[in-house]
Amino acid sequence: MLSNTIRSNFLKFYANRHHTILPSSPVFPHNDPSILFTNAGMNQFKDIFLNKEKVSYSRATTSQKCIRAGGKHNDLDNVGHTSRHLTFFEMLGNFSFGDYFKAEAIAFAWEVSLSVFNFNPEGIYATVHEKDDEAFALWEAYLPTDRIFRLTDKDNFWSMANTGPCGYCSELLFDRGPSFGNASSPLDDTDGERFLEYWNLVFMEFNRTSEGSLLALPNKHVDTGAGLERLVSLIAGTHTVFEADVLRELIAKTEQLSGKVYHPDDSGAAFRVIADHVRSLSFAIADGLLPGNTERGYVLRKILRRSVNYGRRLGFRNPFLAEIVPSLADAMGEAYPELKNSLSQIQKVLTLEEESFFKTLDRGGNLLQQVLKSSSSSSCISGEDAFKLKDTYGMPIDEISLLAKDYDYSVDMDTFHKLEQEAKERSRKNVVQSQGTSESIYNELHLTSEFIGYDHLSCDTFIEAIISKDHIVSSLQEKQEGAIVLKVSPFYAEKGGQVGDSGEIFCSEGTFIVTHTTSPKAGLIVHHGRISQGSLTVEAAVTAQVNRYRRKRIANNHTACHLLHKALEITLGDHIRQAGSYVDDTKIRLDFTHPQAISPEDLLCIETLVNESIRENEPVDIREALYSDVMNSSEIKQFFGDKYSDVVRVVSAGHSHELCGGTHAEATGDIGFFRITKEHAVAMGIRRIEAVTGEKAEATVHQQSEVLEEIATLLQVPRDQIVSRLTATLDERKQQDKRLNELENSLIQTKLDKLIHNCHQRQGITCLVHHLAEHENHRLQQYAQCLHQRIPEKLISLWTTEKNGKYIVLSRVSDDLITQGVHAQDLLKAVLTPCGGRWGGKDQSAQGSAPALPATEVLNETLWQWISTQLI
């Protein structure tokens, strides 16, 4: 693969120039709610640029997995219809953190363009900011001035946000020649097809204030990004990114599966959509995301449904995406081993989602017919209906428009676009970063805390800051609530699913009860609580003491959580991925990927494996290691989405080996005993196990034993005969229910004999209007079904009953009358509209309700009048 060669040579080039090669971060940022997906190489370095995080390296290079399919950067609707839009792409980049600046960045970029990308220097152009004389002068060493262009803020100024680090940027472009257009320079190339931008160099040299002023940064940074797929297309000389390398391989696989031939014109859009989307979906699932109904999961579901809709154009009527994934793993698995490691999980998730959506599409097709019918008076599909078809059933708006055109219908696009924009705003609102006053205060403190809590549960230290009611204060008085920052702290701050410590901070002047501990930013430990007696002031010498008994229970539960995770993997398979966890002093909660409920036998096996590890009482080994040494180890579990520092902690307990920053038991035997209390689904493809340990586990067993004893007493049998007695009792109940059903059916048939005798006939059609007593309302459907079985042709029935203070109405029409244009839902519309009622259903059967109804005789006359209008 050409992409593998370019990626490898790019990283090697910068590694040979003292850059640290770092792995790609996941496709979603773990601690940055301001963006849905990782959309640039600099995302993982954001805290470094903001001076919130210190690292051991000053130069770095990466190939970053990116997704642009939500929020501000959303290319989803363009994919398949343009030459280069993608939802998934790789961003090659080099970064300098206060090290080199413009001169070196430009020199490196020029050398890479010639020696790694092998571009003809005569085809390279550069743009700079109109005020960046320095960059212009630097480029003059490599390019003639007529190939360097000055542009405005719109094109050549980069900022992270409205305030903060920002700076000029310089873009590199390559002239692909006259076959890509007649533009004579990048300024004339309005669609950017001939002079294709392939690299952006960002020079962070300013700090924008809230007033809009640009102040020089004390440390200047470099952030560059070059799209790998675009580079491959340029080097291979293809017209689009889809005609070379990985994407062409995926298109070829889709050709094989569909039996159709790809063409690079508009007719090939379906192939391009599938090739791109299967990459986004596969990488997202491998990184721990799953399709869902909110936020990132909702975007993944939209991507998958868009893939399926385009797949249907190629003739796919059953799940097919999973069959393409092995080709992707073969092409990119060497660079991204998570694709191969998660292959079965990716395929399972895709297949389950596709199966679900194909069922939804069947309903959607019926809905479209109903929409067309309900819009018959205006010959226009409403914006609300169009949006529902797109948002709920995944039908692209262009497909809705085409289908509407087939029936000479139009679509209210103005309302549709308005609703779509409102939905985008709601989605964006869910993920927009909301910084509370307290968080802003913590950022202003410019403090860090030294954590010593792995080895010490108490220490003498100093108070560095106090916060109360969102203000920095100098002291806290008795009964006041607030937060304290210490210079040195033994308190573990909540993170990684483990709750923060509690305890006390005290001196002779006062005592502060710590209820919980957090870390609002890297390196800062904040102790929350209240003054129980006396007062405490900033700079006071104090003793910090963790509640050691609570800490021990938390540590035991955290180690048990690791053992549980390993037991799940052993019992259920290597597709298991942690999707979330919560550990405190009373319980364990572990969310994980698994497509179905766990059987009682497997739950018992999981519980047994954990307790076996506990009984072995092996020491829990915790060691520090360089992340670069362990990041590719298949034995050591790490969690995609977590951001790891240069040095990590490897926690080994029994057969479990995980990267973890939490606190743990000294030996597995400290856990005592493990008991699962609950297993259930929390989302599609996500299961949750809840468990307890130690004394809590023993108490749970005792409680369950007491319940069994009570049941045995009620059944008047020994405990070992409970199951057999209940089985016999339930069998007896089934027989009684069967006899009761037979009796009720006999009574229904007897009643139907009378009802049939009272049916009215006109024009060869049999009609019945009947009111059921309220005590029979649960048999409304049964009466209607039985009557239509007895009289299968030319029958219309209307049934009413009462329930919870309102009238329920059911209409049913025989199949032969449906073909003549008589429909059950239309009958209810005629009956219930004058009553202020509501209804819904299908042609054969429909049901509705109303606050009041006319007498049965009036309904009977209404029915015949309506029939006469239908059969004219």
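Using the three backbone atoms N, Cα and C, a Cβ is placed for every residue, glycine included.
Taken from Swiss-Prot, the feature Zn(2+) binding site covers HIS558, HIS562, CYS660, HIS664, and the record attributes it to sequence analysis. Non-local neighbourhood of HIS664 (Zn(2+) binding site): ALA555, HIS558, THR559, HIS562, VAL620, ILE622, VAL651, ALA653, each in the same chain, at least six residues away, with C-beta under 8 Å from its C-beta. In this structure, HIS664 (Zn(2+) binding site) belongs to neither helix nor strand by DSSP; it is coil.
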Cβ atoms near HIS558 (Zn(2+) binding site) (within 10 Å, other residues, all chains)
26
Given the Zn(2+) site residues HIS558, HIS562, CYS660, HIS664, which other residues of that chain have a Cβ within 8 Å of the mean position of their Cβ atoms, reported in sequence order?
ALA555, THR559, CYS561, VAL620, VAL651, ALA653, GLU658, GLY662, THR663
Quiz question: given the binding-site residues HIS562, CYS660, which has the greatest number of C-beta atoms lying within 10 angstroms of its own C-beta?
HIS562
